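Asker: Annotations per TrEMBL:
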| type | residues | note |
| --- | --- | --- |
| SIGNAL | 1-23 | signal peptide |
| TRANSMEM | 182-201 | transmembrane segment |
| TRANSMEM | 213-232 | transmembrane segment |
| TRANSMEM | 267-285 | transmembrane segment |
| TRANSMEM | 297-317 | transmembrane segment |
Amino acid sequence: MAALRVLMLGVLVVLMACGGPWAAGQKRKEMVLSEKVSQLMEWASKRAVIRMNGDKFRRLVKAPPRNYSVVVMFTALQPHRQCAVCKQADEEYQILANSWRYSSAFTNKVFFAMVDFDEGSDVFQMLNMNSAPTFINFPAKGKPKRGDTYELQVRGFAAEQLARWIADRTDVNIRVIRPPNYAGPLMLGLLLAVIGGLVYLRRSNLDFLYNKTGWAFAALCFVLAMTSGQMWNHIRGPPYAHKNPHTGQVNYIHGSSQAQFVAETHIVLLFNGGVTLGMVLLHEAATSDMDVGKRKIMCVAGVGLVVLFFSWLLSVFRSKYHGYPYSFLMS
């Protein structure tokens, strides 16, 4: 028994001697990780989106060890950069980060950070990044994969869309809570008040409620708004336009059939309205009781509007659906 005890003691001493450096290294990693998490939690308690420069990014996001994900928005918010999209995206990003920070489910599993070009240009160079805004998720283990870069041009930068993407990449579900916006209810109340006032003032003669022209115009405005993509804008929250950071060229038409800019919907609405106005003029020229000269003018104007605006619509369609073979007047 004494010999067995001596043998066991010797084995234990050998194991401790062999495992000493590994255990010490593991302890150092745990201490470094604990310091990182404590630092991020302290910053997150003060500001939902942590602003980072090159040193902070390399130490807290790139360098191991890390058991947390960091969603980083790379942006250019300084006024001289003239990035209107960056400001709009930042507003939505702040809403998302605050929704997570003040959620009862908040943990140290995900942090939100921001790197501005003027504060961390070396980070942009390190990642070979030449556009802003860009959202990248740096996972807790390994390097970012293709899906960890947010498809801004396809999904838009609405906080709800960003939350769905984060849920796909990190399994963290964030319920977006927006600050109360009373503009919609106020406008609806004002509209109802105006309608109610008109009905009250004209209560002795309500023939205007049966005016076909008025109802037709209202229905036409609604149809034009819906067919131009306003509901898509409301759901996806796309940028108004895109400015190339290298050439400074502004694109108002998205090059993909899977997305659009807000400016694009306004352009399409204008073109659809021009075609509609042309059709209305043609109808009036054919059915009105005006003299022949005025009807001819209306007919020519109607044909011109239909041809011109339909050609522009077709050119927009061709620019989004590459390979479409047909064109009319304009390529």
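Backbone N, Cα and C atoms are what each Cβ position is placed from, and that goes for glycine too.
Describe the structural surroundings of these features, if you would.
Answerer: Remote same-chain residues near the transmembrane segment (213-232) are listed as 238, 260, 264-266, 268-269, 272-273, 276 (criterion: CB distance under 8 Å, separation of at least six residues from the stretch ends).
Residues of the same chain lying 6 or more positions beyond the ends of the transmembrane segment (297-317) and with a Cβ under 8 Å from any Cβ of it are 253, 264, 267-268, 271-272, 274-275, 277-282, 284-286, 288, 290, 324, 326-331.
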